[in-house]
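J.: Before we start, here is the structure in question, set down as structure tokens.
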Amino acid sequence: MSHPHPELGAPPSLPRNGLRVVALGGLGEVGRNMAVLEHRGKLLIIDCGVLFPEEHQPGVDVILPDFTFLQGRWQDVVGVVLTHGHEDHIGGVPYLLKERGDIPLVGSRLTLAFVSAKLKEHRIKPRTTQVAEGDRLTLGPFDCEFVAVNHSIPDGLAVMVRTSAGSVLHTGDFKMDQFPLDDRITDLRAFARLGEEGVDLFMVDSTNAEVPGFTTAEKDLSPAIDTVFRTAPGRIVVSSFASHVHRIQQVIDAAAAHRRKVAFVGRSMVRNMKIAQDLGYLEVPRGLVVDVKELDNLPPEKVTLVSTGSQGEPMAALSRMANRDHQIRIGEGDTVLLASSLIPGNENAVSRIINGLTRWGAKVVHQGNAKVHVSGHASAGELVYCYNIIRPRNVMPVHGEWRHLRANADLAIATGMHPENVVVVDDGMVVDLVQGKARVSGKVRAGYVYVSAGNVGDVTEDELRDRLTLSQQGTVTVVALVDADTGRLTEAPDFVARGLGTDERMFEASVPAIEKALAEAAAQGIGDTHELEQRIARAVSRWAFRTHRRNPLVVPVVIDA
Ligand SMILES: [Zn+2]
């Protein structure tokens, strides 16, 4: 197995008979999926998603892939293939199109509808090319063929990319539910046909590679959902991803069977369900869905609310309900159904919501106490079938943390793949396919790009560290009047502390350390205000840690006296 080497540098120029794959996101993490294929000077992008921030990234809206690799080459991009409409595959598109607005977006009907609605909010009208399974489309030197795959959103596609240097089959996200609600199964016959033709590089979803066996069918959730609808004494609030059309279809069906009305809550939920209904992906009996305002006129046992926020997102409807900061007042008799998987990292936030809702008297049904969720990704058993059906020449596990990528690689090797032909890499690693062999050839920049308060890239790693220090250790502002001629304090500095849990007078004992730092600066002939501020900050930080084991963010202000 190829493992990345930390000393890897920029890749050499690509031979004319070579095909390059650069993963800018989604490898070593769950989210911001983005791969760039390069051949004969042209670039094809597969997906452009976002990653959602964790608790140690305060004030961050989303995290984008790093587009540095594409700088100066935007004109070479022939298109973006979007495998499906999940945020971690399409969420970065608005930011991508701000770099070059006329890059064609290629995807299925529902995927393009979801991404177009999102782009409309950013006031961007994209160039789109709609495709369906079985279609072929030439984009520059890339000949693309699309294959139906089943996932936790309808209309997912895998893509086979043929070039004169070889072929790549990219699964997107997929599973192999044999009884999906829309009867659209992952097309294993097409996988087999492509395998016969020859797949030089197989890029495979790794999310569930550690999970043994097979992912349960979506239909098997029906009894648990039905039980909730049969036994709930009052209102039912269902929380799910705003894109999980099939899960919401099951909720609609249960509501219809138990004579309840349904209202959608949350901007993305209302928007996406309207799109899904308009395009025929969601079937809603006439009169079943009502506006949330009409619910006041209905008895509680006739009400179903479908909302966003199943991941504990603080601004989403469910989280606000748990905080009693929403027009829907949760109380005794309400049943809340969390019908989504838990994305790793969100456990604490979701647990807080379950506690909040329970505290108001609601009964909460979730994957921990009922069978109300199945994964959208292929488990180990399904992946092994794929390897045996396709028999690829090289494998590159994608979509997952290191543990998932590694587990997927082990599955490929277990089916007889030579370990040398299984490349396990993470974001930024460059894999070149030359004469049928896929090998790591270098590394490009693929750091986190933060969107904070709507601005891209303004918040750096350093500033995030400051935010964390501030939130965990508090802050102290030091205002020092310094004589410009002598470099000495003209009077005792002022200290203003916040979030330290202690009296700011504590810092008065740091004055000798400040005086010492100023004296050293004066001896070196340093009088520049900014430099003096840095030295005071350092002196106070060291003093606070040495004497009190504290590490506050120190904000120095030097005033020339
Ligand atoms: Zn997905």
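Note that Cβ sites are derived from N, Cα and C of the backbone, with glycine treated the same way.
Because TrEMBL annotations are produced automatically, they should be read as predictions rather than curated entries.
Annotations for this protein, taken from TrEMBL, read as follows:
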- ASP205: active site, proton donor (ACT_SITE)
- HIS377: active site, proton acceptor (ACT_SITE)
- GLY59, ASP61: Ca(2+) binding site (BINDING)
- HIS84, HIS86, ASP88, HIS89, HIS151, ASP173, HIS399: Zn(2+) binding site (BINDING)
- ALA242, SER243, HIS244, HIS373, VAL374, SER375, GLY376, HIS377: substrate binding site (BINDING)
J.: Filtering ASP61, ALA242, VAL374 (binding-site residues) by proximity to ligand 1: which pass a Cβ cutoff of under 6 Å to any of its atoms?
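T.: Close enough to ligand 1 is none of the binding-site residues.
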J.: Around HIS244 (substrate binding site), which residues of its chain at least 6 apart sit with Cβ under 8 Å of its Cβ?
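T.: Spatial neighbours, sequence-distant, of HIS244 (substrate binding site): SER152, ILE153, ALA339, SER340.
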J.: HIS84 (Zn(2+) binding site): which of the binding-site residues ASP61, VAL374, SER375 is the nearest Cα neighbour?
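T.: Checking each of ASP61, VAL374, SER375 against HIS84 (Zn(2+) binding site), the shortest Cα distance is to SER375.
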J.: Of the recorded positions GLY59, ASP61, ASP88, HIS151, ASP205, which one has its Cα closest to the Cα of GLY376 (substrate binding site)?
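T.: Going through GLY59, ASP61, ASP88, HIS151, ASP205 one by one, the closest to GLY376 (substrate binding site) is HIS151.
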J.: Indicate the candidate from ASP61, ASP173 with the smallest number of other Cβ atoms within 10 Å of its Cβ, considering only these binding-site residues.
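T.: Minimum Cβ neighbour count within 10 Å, taken over the binding-site residues ASP61, ASP173, occurs at ASP61.
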J.: Among the recorded positions ASP205, ALA242, SER243, which ones place their C-alpha within 10 angstroms of the C-alpha of HIS399 (Zn(2+) binding site)?
T.: ASP205
J.: Please state whether DSSP places the residue listed as 'active site, proton donor' in a helix, a strand or coil.
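T.: For the residue listed as 'active site, proton donor' - judged by DSSP and reduced to three states - the answer is strand.
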J.: Mind checking which of HIS84, HIS373, HIS399 has the fewest other CB atoms within 10 A of its CB? They're the binding-site residues.
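T.: It is HIS373 that, of the binding-site residues HIS84, HIS373, HIS399, has the fewest other Cβ atoms within 10 Å.
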J.: Taking the centroid of the Cβ atoms of HIS84, HIS86, ASP88, HIS89, HIS151, ASP173, HIS399 as the Zn(2+) site, which other residues of that chain lie with their Cβ within 8 Å of it, listed in sequence order?
T.: ASN33, ASP47, GLY49, THR83, ILE153, GLY156, GLY172, ASP205, GLY376
J.: Applying a 10 Å Cβ distance cut-off over all chains shown, what neighbour count does ASP88 (Zn(2+) binding site) have?
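T.: Result for ASP88 (Zn(2+) binding site): 25 other Cβ atoms within 10 Å.
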J.: Quick one: pull the CA-CA distance for SER243 (substrate binding site) versus HIS151 (Zn(2+) binding site), whole Å only.
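T.: Rounded to a whole number, the Cα-Cα distance is 11 Å.
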J.: Rounded to the nearest angstrom, how far is the Cα of SER375 (substrate binding site) from the Cα of HIS89 (Zn(2+) binding site)?
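T.: Computed Cα spacing between HIS89 (Zn(2+) binding site) and SER375 (substrate binding site) is 17 Å.
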J.: What is the interatomic distance between the Cα atoms of HIS373 (substrate binding site) and ASP61 (Ca(2+) binding site), given in whole Å?
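T.: That separation, Cα to Cα, works out to 26 Å.
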